[in-house]
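Undergrad: First the structure, then my questions, so here it is.
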Amino acid sequence: MTVFADILDTVRRHEPVVHCITNYVTVNDCANMVLAAGGSPIMADDAAEVEDIVALSQALVINIGTLNSRTVESMLVAGRRANSMGKPVVLDPVGAGASALRNSTLQRLLGEVRFAAIKGNASEIGFLAGKDAKARGVDAQDSCLVTEDRLESAAATARHLSESTGAVVVVSGAIDIVAYSGGAWAVRNGHPLMARITGSGCMSAAVMGCCLGVAPYEMPQACLCAVSALGVAGEIAAETMVGGGGEMGGLGGGTGSYRALLLDAMSLLDGLALGSRADVTRIQM
């Protein structure tokens, strides 16, 4: 996994500016995760300034978690500006399929902005791919969760969406999938506690912004690096909390402690550790 180590170390060296137009539930988590990954976050969301902010940034992350008419316009303006400047744009279609506003907003975004990557849970990706998937709030339906038995079908759905949009498609879950027209990969890093804190998916998109910001011409590799890095950090955080030999010893605690330890683990993660722990395999289709 040398390429992942190289990308993560490049993020640390170059500190890419990542512009996030995200939801107010996890905006602080995303900003801190960008910092932990080695980037520099800016969370501006007013349409009057987003073009200027995009010009200063290396990547743009759009998250529709808490939509309103003001931020929808900001997303469109920022996305078009990023496209005109050749800067990668990440879409996190939170709650796709849950409401008419989300669906119409996604239709506009996908029609007017070219995305380097689209990251969502299995229900969200299934909805965008035209499958019969419905949202359960911002979480995936149980019938859509990615398991070993459903891995190939989920990968095929992700690849279909990639081919129709030109974006690398990431399906988040217990097993993560990264797909594009050239193939699909399974990432088996992470820990169940990641699903017990709000914002872990949003943080993943933010880390993708960091990696794409330094490797815009290696989009699949950048997305794989981001997904595996956050997963490895999640594993280390759990090991640290329960006393399995983490750097800080066994601290105990619950989900609040885990959230902080996840940031700690990402901030301490280096390319060597990522390369040795990343569990990425190609999905045969």
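Including glycine, each Cβ sits where the backbone N, Cα and C put it.
Bear in mind that the values here come from a model prediction, so they are computed numbers and not experimental data.
Feature list, courtesy of Swiss-Prot:
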type    : residues       : note
BINDING : Met43, Gly199  : substrate binding site
BINDING : Lys119, Ser172 : ATP binding site
Undergrad: Output, ordered by sequence, the same-chain residues six or more apart from Met43 (substrate binding site) with a CB under 8 Å from its CB, or 'none'.
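TA: Expected: His19, Cys20, Ile21, Thr22, Val27, Cys30, Ala31.
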Undergrad: Just to be sure I understand the packing, how many Cβ atoms besides its own are within 10 Å of the Cβ of Ser172 (ATP binding site)?
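TA: Summing over all protein chains shown, Ser172 (ATP binding site) has 27 other Cβ atoms within 10 Å.
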Undergrad: In whole Å, how far is Ser172 (ATP binding site) from Gly199 (substrate binding site) when you measure between their Cα atoms?
TA: 12
Undergrad: Which residues of the same chain, at least 6 positions away in sequence, have a Cβ lying under 8 Å from the Cβ of Lys119 (ATP binding site)?
TA: Val90, Leu91, Asp92, Val169, Val170, Ser172, Gly201, Ser204, Ala205, Met208, Cys223
Undergrad: Does DSSP put Gly199 (substrate binding site) in a helix, in a strand, or in coil?
TA: coil
